[in-house]
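Below is one structure, written out as structure tokens; the observations come after it.
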Amino acid sequence: MEFIPTQTFYNRRYQPRPWTPRPTIQVIRPRPRPQRQAGQLAQLISAVNKLTMRAVPQQKPRKNRKNKKQKQKQQAPQNNTNQKKQPPKKKPAQKKKKPGRRERMCMKIENDCIFEVKHEGKVTGYACLVGDKVMKPAHVKGTIDNADLAKLAFKRSSKYDLECAQIPVHMKSDASKFTHEKPEGYYNWHHGAVQYSGGRFTIPTGAGKPGDSGRPIFDNKGRVVAIVLGGANEGARTALSVVTWNKDIVTKITPEGAEEWSLAIPVMCLLANTTFPCSQPPCIPCCYEKEPEETLRMLEDNVMRPGYYQLLQASLTCSPHRQRRSTKDNFNVYKATRPYLAHCPDCGEGHSCHSPVALERIRNEATDGTLKIQVSLQIGIGTDDSHDWTKLRYMDNHIPADAGRAGLFVRTSAPCTITGTMGHFILARCPKGETLTVGFTDSRKISHSCTHPFHHDPPVIGREKFHSRPQHGKELPCSTYVQSNAATAEEIEVHMPPDTPDRTLLSQQSGNVKITVNSQTVRYKCNCGGSNEGLITTDKVINNCKVDQCHAAVTNHKKWQYNSPLVPRNAELGDRKGKIHIPFPLANVTCMVPKARNPTVTYGKNQVIMLLYPDHPTLLSYRSMGEEPNYQEEWVTHKKEVVLTVPTEGLEVTWGNNEPYKYWPQLSANGTAHGHPHEIILYYYELYPTMTVVVVSVASFILLSMVGMAVGMCMCARRRCITPYELTPGATVPFLLSLICCIRTAKAATYQEAAVYLWNEQQPLFWLQALIPLAALIVLCNCLRLLPCCCKTLAFLSRNEHRCPHCERVRTRNSDPEHGGSTV
């Protein structure tokens, strides 16, 4: 909330008028008309006085256009006779366009509420008084051009790119109001109208420029709506980067490609205790082509300054006119450098040497397997310092020589593919190997090479070992060296090369020593009775001396060379050095990788059978989705059948670069949860055996206990009911009581007596007694028929507590465990 101003005061200029009651309507009587003739006479007298008292303006004589045309025709033949042509007349300077209504309104408000921010006397931006706060863009360097505001302690917010502080009390009347209401339409700022639409502020391209950072945007009531930070060119219009307010919330609107609009502060460099803008070096030395050695000295003196690369670019571009940018500009820095000879451990014949193609550094940080190799020769530059893609230059003794780029090669265990070259750097894709060799063939068909021990094993992108990028597949994040020769943040150090001894420059001629320079600068020193040394560019003869008494070395301080640890330094120059940018930056990109063919899947009991068809070595991995993943993986190179067990928690299988496959077991059992009691017990027993046995046992115990109690109570009641009748001799029990208590109403005869009685009295009933065994047989058969059902119901008592091996089935449906599927 510190960056939200509050309106604790009111500005007089933009306050609405106070409300007043409407005046009552009064009837005004018409005035009496004056006499018409008197009024006309007074008007006539005043008009005559004006005409007589006003001075008559002097009329300029009217020019005769015809005479003017005739004079021009007469002068035309006279001008043709003159041999010298008159220079064309300069066009009169166009008058500055007057500011419009919106500009005038903003300027009137800005006179009090904005202040310039200056750095070393130059305006870099503005600070604005809004509400009760002073707001200034954080990227604008300098101090506010006001003694009171410059003393304030500002709070900085990098999120909103803003700095703010409380306004001094005596300046609150100069501040502007602010508002968070922003209906779509047109607003005002210093350069005219600002359109607000779709949550963006836009202006016509060219209306804003660097130096406008911090200017406010006003609505038609003079309230601040936003503060400008920068802009992004979008063709006909420019989108503004602003800080605004949305109901007590600070919001920063930054369009894509927005640039800060603070005025650029020139970076200063040093030359002979004199400072100058790095982008505008002084005339001596001002150009590398005119004063190469002095220019390199100036660059070495400013190598640690922030504007070094501006000075380098300005020194190498001698033309004062603006030049069109091209790819050749990136090679321009190499005209101040040269290739060199460096030590190589293996020059191709099993011995070391000073090779023109020595390996300095091999980088393999890219995850796509690309190598970035730095060598001592330079590719893409000719010996005349011109850019040529088809050439490379190398150091042949002391002189750079040209060779064709087509003869350049890189190899490990097999030849590599060169994907990019520039300067000292080569990009290559190489197969697996233990050594790296770089070489070339010169114009004399002589091969030069250098071999270094280097273990190279290209990393695998994704989960498949493919050999070439597919046209279709899957994109995975990776890193590579971008094939761009533009300047990057990486840099290498360069220095003046040391003097190179060369004994071939000395020759003996009848007691004298002749030094042949061969168009070079040679430093010599001879000890022939006295000290004889110097620096020469032409041939020289040393009298009365021998070759063994002289030393000659080629010196060249007009070019830099790479600061290699394999080359000795120039002891006279100490630690003086320069810097140049290098190409091919490492960047995060996406790589296209293939996707393996989907496997053929067969579902079984608690398992999945997968038939795999790899086109190249493909990784198969699987894990459990429980607490213990038990991760397993293997590379599959040929057709293979894999059987995987599906645990209860689920199984995740990943084949190649495809999305993971997920499987879950489907629980099922015999019986049904909504059937007969024995089916219900069987269903739950197979799913939850322990709990089912406990529940059935407790229920059976309770049921048997209740049945036993009921039988006991019935027996007690029966005994109480029949006891009185048993104690009474010859008592007759009532029929209802005998029916309930299952007792005879009276003492009955024995079976023999009853049978005699039936035989004598009711013979049909006597013979019906023979059907009793038949009825018993029928009842027994029915009981035997229902016995299997009873046994199946009670079978759970003899089963183990583990689940049925057939109770689990596997199902899958779009890797969704909640989605239903048919049991397999």
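Here the Cβ of each residue, glycine as well, is placed from N, Cα and C on the backbone.
Per Swiss-Prot, the range carrying the annotation region 'Dimerization of the capsid protein' out of 209-213, 219-223, 319-323 is 219-223. Looking up ASN79, ASN670 in Swiss-Prot, the residue bearing an annotation of N-linked glycosylation site is ASN670. Proximity note: of the listed recorded positions (CYS113, CYS128, ASN588), none has a CA within 10 Å of the CA of HIS139 (active site, charge relay system). In terms of DSSP helix, strand and coil, the topological domain 'Extracellular' (749-763) has 12 helix, 0 strand, 3 coil. The distance from the Cα of ASN670 (N-linked glycosylation site) to the Cα of CYS128 (disulfide bond) comes to 82 Å. According to DSSP, the region 'Dimerization of the capsid protein' (219-223) comprises 0 helix, 0 strand, 5 coil. Distance from the CA of ASN273 (N-linked glycosylation site) to the CA of ASP161 (active site, charge relay system) is 37 Å. Confidence across the topological domain 'Extracellular' (262-692), taken as the mean pLDDT and rounded to a whole number, stands at 87.
Under the three-state DSSP scheme, CYS113 (disulfide bond) falls in the helix class. Of all the recorded positions in the list CYS113, CYS128, SER213, the shortest Cα-Cα distance to ASN273 (N-linked glycosylation site) is found for SER213. Ranked by CA distance from ASN588 (N-linked glycosylation site), the recorded positions CYS113, CYS128, SER213 have SER213 at the top as the closest.
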